[in-house]
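Record features, source TrEMBL:
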COMPBIAS  55-64  compositional bias 'Low complexity'
DOMAIN    75-170  domain 'Fibronectin type-III'
DOMAIN    271-366  domain 'Fibronectin type-III'
DOMAIN    384-468  domain 'Ig-like'
REGION    1-73  region 'Disordered'
Amino acid sequence: MTEKATSEAPTYGPEETTLESAKAPSTEPSGEVAASECPGEAQALTPQEPATQEPVPAAPTASKPAPPSEDVPSAPLLLAVEDVSDNSVTVSWEPPERLGRLGLQGYVLELCREGALEWVPVNARPMMVTQQTVRNLALGDKFFLRVAAVSSAGAGPPAVLEQPVHIQEVIEAPKIRVPRHLRQTYIRQVGETVNLQIPFQGSPKPQASWTHNGHALDSQRVNVRSGDQDSILFIRSAQRSDSGCYELTVCLEGLEARAAIDILVIEKPGPPSSIRLLDVWGCNAALEWTPPQDTGNTELLGYTVQKADKKTGQWFTVLERYHPTTCTISDLIVGNAYSFRVFSENLCGLSPSAAVTKELARIQKAGIIAKPKGFVERDFSEAPSFTQPLADHTSTPGYSTQLFCSVRASPKPKIIWMKNKMDIQGDPKYRALSEQGVCTLEIRKPSPFDSGVYTCKAINVLGEASVDCRLEVKASATH
């Protein structure tokens, strides 16, 4: 069964070498001695001094093996590097063909820096493992490794790596992760802020740069802040000139990743350039207009057409998001004269102003000849009379209540409200309304004091009329 161990890299210098021994399962007696204390091992692991240094240093040569002995194990097999990171290396091997008559106590892994003469043990005592990780290495370290099997009779010949191990910084290729909402055109209105945060990956820290339509950014308008894992592009107040393709480039050790983000800054469109009344027939009117010169930097959603008759001057919408530039307005009222106006619309809304027709569309009543002779104008004058009287009412304190009645009179009468035969006009507690002959008195948050008889009086030049009702405001029950 393969066992693994982790050790810290030995340090070099005049001070004492600190070694951290990894715990590993062992079947040996508790009186086991360190591998360096075994006389046989000392003889087997004594390094032979390397030859004169060459431009490309070779691996330190192991000492000449001792004469074959049945008590000493043979060299481990298949020593190989499993993994190298920026601060560690993992090596593995297979047990030797011959374990020795006295049995195997474990393995000793040794390290020798390139150009050095001394092999330094990584683990102070033999360990029954066939894979070991050396940690706490520094970037740029270059060294050789060897491993020897140890028995109570001593250490066998070591197995040496043919090539040195070089600790280098692990490079992770850069990669940009564009958020989902930025994979389509990013739309903002004029004056709004643009704040784009684009995450990326890469190790060591990659260099991030931005371009706008292939050119460098305007530093006076656009701010960029790049960290270890993202880059932020910020525009405080967007203008239409900020629209375009923004490209983020992340570079690392000759590798690069690119991401393009389309930004569109829009505003409300202008009104149609012109509008004219083409024709009027029956109850119909035909209009034509030209598209606006400024669409707000985006396509139009259509036009909104409104009409207003000359009598009231109120505008009513006839067509919404209408795409053609000609239309026919129908169902106009005979005898009225109409004006028309057209708004442009895009994603920001309707244009601030509209194109208005200069001419009125007059809807004539055909086939009728006026006959003024013999016409007798009817006198509709009438003294006030109440068609709907006031009704007695009960209210709850604190809740506003209303009294209603309706009156008919010509000319329009003057309406006077009274409480207990006293005029209450001008009292802020009461609000009197009169529209289309319906008279309303609103009593705001009444109290028991507001109970009494309320009178509505209508007066014109032909006479007057009045109606009464009783209002009762019940006090809240106490418990």
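Just so it is clear, glycine is given a Cβ too, placed from its N, Cα and C backbone atoms.
Note that TrEMBL annotation is computational and uncurated.
In this model, the domain 'Ig-like' (384-468) carries an average pLDDT of 91. Summarised by DSSP class, the composition of the domain 'Fibronectin type-III' (75-170) is 0 helix, 48 strand, 48 coil. Within the domain 'Ig-like' (384-468), the DSSP-based counts of helix, strand and coil residues read 3 helix, 53 strand, 29 coil. Secondary structure of the domain 'Fibronectin type-III' (271-366), assigned with DSSP and counted as helix (H, G, I), strand (E, B) and coil, comes to 0 helix, 50 strand, 46 coil.
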